[in-house]
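**Student:** OK, TrEMBL features for this one:
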- 33-164: domain 'PLAT' (DOMAIN)
- Gly48, Asp115: Ca(2+) binding site (BINDING)
- Trp149: site 'Essential for stabilizing binding to COTL1' (SITE)
- 165-674: domain 'Lipoxygenase' (DOMAIN)
- His406, His411, His586: Fe cation binding site (BINDING)
Amino acid sequence: MISNSNIEHRRMPLSSVHANTWFCVCVMVSAMEEFQVIVHTLPAPTSGTYSILRLTLIGSEGGETPPISVNAGANQHHLLPGSACVVRVWSEVALGRVVLVRLRLEARTGFPDLDWHCRGVEVRRLCDRQEEGTGLQHQGVEHFPCSRWLRSVDGDVELRNGDMCLLNSETVQTLKDHRLKDLHTKQQHIRWRTFAEGVPHCVDMTSLKELGPNLSYTRQSPGINLQYLRGFDERAESWSSFTELETMFSHNGSQNTVAKYVQAHWAEDWFFGYQCLNGCNPLMVRQTRLLPPNLSINSDILCPFLPDGSSLEQELERGSIFLLDYEMLEGVPANVINGKQQFLAAPLVLLHLNQEEELKPIAIQLQQAPGPQNPVFLPSDPGPDWLLAKTWVRCSDFQCHQLSSHFLRTHLLGEVCCTATLRQLPEVHPLHQLLMPHIKTTLQINIQARASLLAANGVFDKAIGCGLEALPVLLSRATERLRYRSLCVPDDLADRGIHTLKHCYYAHDALRVWTALHRFVSGWVDVYYLGNQDVEQDSELQSWITEIYTHGFLQLPHSGCPQSFQTKPELSQFVTMVIYCCSALHAAVNFSQVDFDLWMPNCPASMTHPPPQTKGMLTEDEILSILPDVNSTCNLLITLFLLSQPAADYNVVIVGGKSGNKVSEHEDRCRALV
């Protein structure tokens, strides 16, 4: 490297220097390129580091500068939060265009080895002024964004400029090589493993330390008062009365207007149907034109609950009969809580959409196989029998909601898509940049869930009817039944026949959000894929969908998941589905849990007695002895409070306005689909 004295030397008059010496210096200087480099540190308080940063510029022609120290030796800079360290870099070889910046963090002797959060690097090429005089002028600035943590254990980290492009658009071999090298490195670090047989695979990590600082985050919670739910651990017994349960509810739900509304109306038939459409699990109910063959009813039995002059056959033909079928729970082993055997049911429920557009249950069979010990419960049965039958359905819905609608469809599939994105789409790929803000957090959340909620002594073990033994069984059944169409909102709502229901607010808002997402995604795809041929020829994209089909949908052809992409519309729909499931759908099935579950009888997580086999033998007070114990109730609510609270920096988009229906307060909250 030539020192500054050499640069000054070239400005001396010819008479003062021997001609040969002058010629040699000119040759050396003419081959030299000079750059101004600015290294930016994120402003966050903990972003700085004591460690030494070494920097190398890599050019499009394959040459590179020797590594220089940004904050040691002659450069007395400090990598402080918000700092911008300016250094000069010289190259004795022609670099061409600077295409990569290599950074290496090295621990400084005697100081803590702290991680450093680099915001990015700017590179300015300096050249001689064309006009008279001396000095240097700036040419164009190249920006190399980083926005991630660097650690000394990472070794060399190479940044490229922020221009997104497809592999086929790369024109510089150095960048092609870097692209492949980056993916290979990530594939060595981020691997697949089997979570449970027949269940989408997960990332092969068991701790956040393995995940690293760039894929983990600190959640800023707004703070939750759990004081009135603690201290019940020793009460492994049923609630003594509804009055006692109401006391606990009042201390924890006094500020929750939706939960208070649920408490007031949970036993009413119209509200049972409302929850099927707009509760925290709006994914189960569907229109039916045929009665399930294993549902032991006929038109005469149901005639009293249908409009005057109509019949079951006519109502089926009109499309006003709806079905809840929890067959995936059939034969699933139930948990043991507080040393007591718990019980599960696999109900079939018929609902009728009346002339007031209210969806009401008209028949409930609690097990799949018909028989004398599996009666069909009707609205005309004694009040306690009918209420208990609906409560059993709500318990079954809780199991399917938690593991199928919530964990499988949003968490597990989100993790699959995130892992495949990290392994197959380099950061410069436009779909990597589009997807990662929506799926990045699934890795940390799921790693923590597998280590706590879904582990021994976690909430599934201690408070939920489908405990740890049933968990893989139910998840594998839900995976086997999963269809790609059911993940795409327009197809799902149309297939289930709920897209035109006046009071199905989930359907209305889900369609609005899906339409907005799809419009944006389609525009994004149009920018980078000029035609269908570009989609077919994107090898990184094809590897990405192959991994998702293999590790997410387990190569099940009946799932309908694409195995490759041939057209832009196919790609746009799939990407929209991923974003929707990991944002809006998760908001719908997660953030409303406390609203509907705080009044425990509305959505019990377990039942301590088997489903009833007869009618007319029950009082309403006896229902409490069948519901979860005091300690398991409170432990579950603690978990739901923690899961249902958005982070302090959570942003919501309100879609639409109040509808003026009976539960407009809840509608307004559920409209906050992100």
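Heads up, residue numbers simply count up from 1 along the chain you see.
Backbone N, Cα and C atoms are what each Cβ position is placed from, and that goes for glycine too.
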**Student:** Quick one: DSSP breakdown of the domain 'PLAT' (33-164) into helix, strand and coil?
**Tutor:** 3 helix, 72 strand, 57 coil
**Student:** Please work out the mean pLDDT for the residues of the domain 'Lipoxygenase' (165-674).
**Tutor:** 93
**Student:** Return the residues near Trp149 (site 'Essential for stabilizing binding to COTL1'), defined as same-chain residues 6+ apart in sequence whose C-beta is under 8 angstroms from its C-beta, sorted by sequence, else 'none'.
**Tutor:** Asp115, Trp116, His117, Cys118, Gly212, Pro213, Asn214
**Student:** Specify all same-chain residues, apart from the site residues His406, His411, His586, whose Cβ lies within 8 angstroms of the center of the Cβ atoms of the Fe cation site, ordered by sequence.
**Tutor:** Ser405, Phe407, Arg409, Thr410, Gly414, Leu585, Val589, Asn590
**Student:** Take the Cβ of Asp115 (Ca(2+) binding site) and count every other Cβ within 10 Å, whichever protein chain it belongs to.
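**Tutor:** The Cβ of Asp115 (Ca(2+) binding site) has 20 Cβ neighbours within 10 Å.
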**Student:** If one measures from the C-alpha of Gly48 (Ca(2+) binding site) to the C-alpha of His411 (Fe cation binding site), what distance in angstrom results, rounded to a whole number?
**Tutor:** 33
